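Straight from Swiss-Prot, the features:
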- 4-235: domain 'ABC transporter' (DOMAIN)
- GLY37, PRO38, SER39, GLY40, CYS41, GLY42, LYS43, SER44: ATP binding site (BINDING)
Amino acid sequence: MAGLKLQAVTKSWDGKTQVIKPLTLDVADGEFIVMVGPSGCGKSTLLRMVAGLERVTTGDIWIDRKRVTEMEPKDRGIAMVFQNYALYPHMSVEENMAWGLKIRGMGKQQIAERVKEAARILELDGLLKRRPRELSGGQRQRVAMGRAIVREPAVFLFDEPLSNLDAKLRVQMRLELQQLHRRLKTTSLYVTHDQVEAMTLAQRVMVMNGGVAEQIGTPVEVYEKPASLFVASFIGSPAMNLLAGRVNNEGTHFELDGGITLPLNGGYRQYAGRKMTLGIRPEHIALSLQAEGGVPLVMDTLEILGADNLAHGRWGEQKLVVRLAHQERPTAGSTLWLHLPENQLHLFDGETGQRV
């Protein structure tokens, strides 16, 4: 196994604008890190820099304690799995998996042993003589992973490998990737725009935005304690409710438009009188009663999802979404009385957007 270190790496195409701002990341031996963010945030560019397919403008990359910043891709000890399977259509599964080792001059016996072991791990034993056209999308992706596994790399790099699969296959392949990593324990860096993939696969998640690592943490950490408004709005489905307002002059309550006031769980006296953004996830809002101090919300629409429902309404000009139990189906125009637990409230600075 081998660790991976990015040390203040940057990328600029024109020498002026940095598409990757100075970024430092330490990936431990055997760790599975997922880089997630919207299109254009720099995650695939960063992955290609690690692979050696894009030059690093400044900073350094280390793999297995060796500086690889200027090394050719073939010398870095990495193997990539792409969104497109890139299999040779005229070759069998076995030949596709063996080809990279063959052109490196590895002996036939050793190649055969590695292909056999990778096929066993990926349950491709009975498909080795088939051509890619005879395989399903999931099987083709397994062959692409097998081609990477036989190289026995120090680091696996995954560039949105499940994007071409349908929803059912993506779920299946997520489970298979988890099992594969538990078995191989190879250091892995994985890129996706899909937060579900990020949360289910990662040991740690790096949320990227505009070439910046907004937050690096476990899936639980980025869900429970988002470091910024961007992370709060990106992680979670539906997204966290974000409500503009101000902390009252005593620092004890948060004041929203329309005269709605919510109690704060102490510790905010230093922010008294300041404009802030309050966040709460739809699943953390509970139904209450007017007599119990519930806050009213007139419901505009109801989304029935099956396992649960989403109620949509407004406080003034600000939208609010509440996740309801399956049996709760209020009608449009009805008033819901809500309880927002103090320990589930998040506050973000009104100017910087950072968590306070």
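Note that Cβ sites are derived from N, Cα and C of the backbone, with glycine treated the same way.
Set side by side, the binding-site residues GLY37, PRO38, GLY40, GLY42 differ in how many other CB atoms lie within 10 angstroms of their CB, and the most is found at GLY37. For the ATP site, the Cβ centre of GLY37, PRO38, SER39, GLY40, CYS41, GLY42, LYS43, SER44 serves as reference, and the other residues of the chain with Cβ at most 8 Å from it are HIS193, MET208, ASN209. Within 10 Å of the C-beta of CYS41 (ATP binding site) there are 24 other C-beta atoms, taking all protein chains into account. Listed binding-site residues: SER39, SER44; maximum Cβ neighbour count within 10 Å falls on SER44. Mean model confidence for the domain 'ABC transporter' (4-235) is a pLDDT of 95.
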